[in-house]
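Structure first, commentary second.
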Amino acid sequence: MAEHNPHYTMAREQRSSHNSVDDDKLEEGVPVEPVNESLIAEVTGAAFDDPNLDKEHLAFDDESPYPEVRSAVANTDDPTMPVSTLRSWVIGVIWAILIPGLNQFFFFRYPSVTITGIVAQLLSFPIGRAAAAFLPNWSIFGLKLNPGPFTVKEHVLVTIMATVGWQSAYATDIIAVQRVYYNQIYNFSYQWFLVMSTQLIGFSIGGVAKRFLVSPPSMIWPTNLVNCALFNTLHSQQYAGIGTRGGISRERFFVYGFIGSFVWYFFPGYIFQALSYFSWVTWIRPDNTTIAQLFGYVHGMGMSTITFDWSQIAYIGSPLATPWWAEANIFAGFLFFFWFLCPVLHFTNTWYGEYMPISSRTSYDNTGGEYDVTKILTPEGTIDLEAYHSYSPLFISTTFAISYGLSFASITATLMHAFLYFRKQIWVQARRSLHEQADIHARLMSRYPQVPEWWYLIVFATMFAIGIISIEVWPTQMPVWAFILALVISFSYVIPIGMIQAITNQQVGLNVITELIIGYALPGRPIAMMMFKTWGYITMAQALQFTSDFKLGHYMKIPPRTMFTAQVFAAVVAGTVQLGVQAWMFTNIRDMCDPKQPDKFICPSTEVFGTASIITQWGVIGPGLQFSKGQTYYGSCDPMAPKQKVPKQFLEIRELVSAAAEFLPVIFNGTGLIPPATAINYVPWAAVGFIFQYVVRRRHFSWWTKYNYVLSAALDSGVAISIVVIFFCLQYPENGRIGENTLSKWWGNTVPFDGADGNGIPIRQLAKGEKFGPATW
């Protein structure tokens, strides 16, 4: 698959090997000279106790001190290699139109498909190779159509343009909810201003955070290493950091893994879905509600623990990319909070949990049915307190309540953790320039002109201005001070959360804390709540996406100014395309977002987002009626608050856990995807991580160095392409009627979704007309 590329290979600089540790010698048990402890902090750039630092496999001078980076990233650079070519921009812009447009189209359909960045990364390679082979060697305005072989740097630039806006822009859901739930249809200018401001304003703070999150070698960004391994596998015949390890080549290993993953996914993903939801215990007694609550995968705790589906295993991130120490902490948190504390609280009927499934993202009323939003709304879309008190308080499942509590704990723990562990690192990096970094990659990148600070300032000022326009010109009920407060919250968390993500591969979310703040500050304003949450949360997420891409460019030696221009331009194109696709769909698709829409454009995410704007996230009800003192879930959102309904024997445990929050935010945040995630997504994930990131890494280090990240890329790629093929060839045609009376009906595709687990039957079932919960609220 790899072809010798004259631009890719460059003579290495003189290497001082006397301070390097030979990976093969370590694996063979040959004694090596102890590392120089005085150089470690300087070489790693980590002014803290770095959990990713492996002192047995350190390297100095012309190698990264981290074996993970050495195994995936080349420590050489060719500054003459073409990057910003006409063909790379054309291919990148086409992807920036196609992927966001298609993903936005299918975003409103159920079942849906998402074309991920790794699909673009894979498909861009043969497209680029074909362009290099068949385009004529002409020049247009001095730009060559075909400057030679398709280079790895061109490939990286194309991939970044394809992925910077591949997901549906968060703000497009605000526009859809306004149209569907509140009958507010504003013009395209409002929509464009809102989407551009929420998508791009984070880029400005992301640029400032570069010196803290990109330049230091200790900020490894594990997910990027999988992409780097794939890029180098496709383009290089020489691999960095693998010693003299023999065996098949990386590209052949990738091909074998990709084909196996692609073919196998047809079984758990389409032919035999019970292999994916392998809740075998519930199949023995499918109608037993207690077994369903503990061992089910749909509405249970997933204690069956087995799956044969890589998409389930990698649902929370590839276990081959996340460091083992982080996986161990997350798994420990999962065991305590969701396999110990959650069942105890649920089966003691705390928060009236036995009247609902133990794990569900749906909100319930006191009859056990789904909460009917319309019963408590005024015609203006705000809460009718009299109707609320005559209808029902809102109830959520036990896992949902614990998830909220952990979200609040992770937010406070993140700031404390950053202060205790990263304050010296932040201070050092604030004064250190790129060329002063000891890391070889930073030294190589210092050759390129950096992005001027005023570029970021222009982006911020422009997006801030159009954000103000979008909330002031149109009746959004959001004051300017709330907009500024949302940005302050987001910017304050970028560096602490970014450091945790760069080290652990886990991102702490700000959606819950922003919902809480705006719920108290401006209750009864659902549109303002959605906007505040988007600017307060997505701004931070976009900043970290921008920073993560810059780290990828840092590893692959992409000129920073080219990176910045490509990211901003592609983000504008992607957001505009998504708005155009969404506007066309609402104009031309009949009964759009209706639950009975014949083509299945039922808008499931819009429904969740709209309900959240009204109730679940306190846009109408407000946190005062959910989490304040005297309310049902008081204490679940504050780990330090006493809670009368929590059994007394657990109060001391909770206090210990609260103390640990200062030091282990990854424990609280790592389980943030529960629900809908269950043990099926955590136990196999931790088991695979233990095998590859601990056992194989320790006992067969050179194999791990050569193949680990390539294997992760192969498995991810195979599943991604298989999902696309299954959807477009077998599910989307004929509105999903292919095999509806044959394959879809056989036991292997129905058993996981039947019985008490699939139907979400609670332990305590109410008679008709019976209610649960407090007598007054």
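For all residues, glycine too, the Cβ spot is worked out from N, Cα and C.
Note that this is a predicted model, so its numbers are computed, not measured.
Quick look at what TrEMBL lists:
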- 1-23: compositional bias 'Basic and acidic residues' (COMPBIAS)
- 1-29: region 'Disordered' (REGION)
- 89-107: transmembrane segment (TRANSMEM)
- 113-135: transmembrane segment (TRANSMEM)
- 156-177: transmembrane segment (TRANSMEM)
- 253-274: transmembrane segment (TRANSMEM)
- 294-316: transmembrane segment (TRANSMEM)
- 328-347: transmembrane segment (TRANSMEM)
- 401-422: transmembrane segment (TRANSMEM)
- 454-474: transmembrane segment (TRANSMEM)
- 480-500: transmembrane segment (TRANSMEM)
- 564-586: transmembrane segment (TRANSMEM)
- 679-696: transmembrane segment (TRANSMEM)
- 708-728: transmembrane segment (TRANSMEM)
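Of the ranges 113-135, 156-177, 328-347, 401-422, the one with the most Cβ pairs under 8 Å to the transmembrane segment (708-728) is 113-135. Annotation: stretch 113-135 has the most Cβ pairs under 8 Å to the transmembrane segment (89-107), among 113-135, 294-316, 401-422, 480-500, 679-696. By the Cβ criterion (under 8 Å, sequence separation of 6 or more), the transmembrane segment (564-586) is not in contact with the transmembrane segment (113-135), since fewer than 3 such pairs are found. Taking every listed stretch (113-135, 253-274, 328-347, 480-500) in turn, the largest tally of C-beta pairs under 8 A with the transmembrane segment (294-316) is reached by 253-274. Outside the transmembrane segment (113-135) by six or more residues, the chain places 3, 87-88, 91, 95, 99, 102-103, 106, 145-146, 148-150, 154-155, 158-159, 162-163, 166-167, 227, 230-231, 234, 713, 716-717, 720-721, 723-724, 727-728, 731-732 with a CB less than 8 A from a CB of the stretch. Within its own chain, the transmembrane segment (328-347) has Cβ neighbours under 8 Å at 293-294, 301, 303, 353-354, 358, 398-399, 402, 406, 506, 646-647, 650, 653, 657, 664, 666-668, 670-671, 674, 679, 682-683, 686, 690, 763, counting only residues six or more beyond its boundaries.
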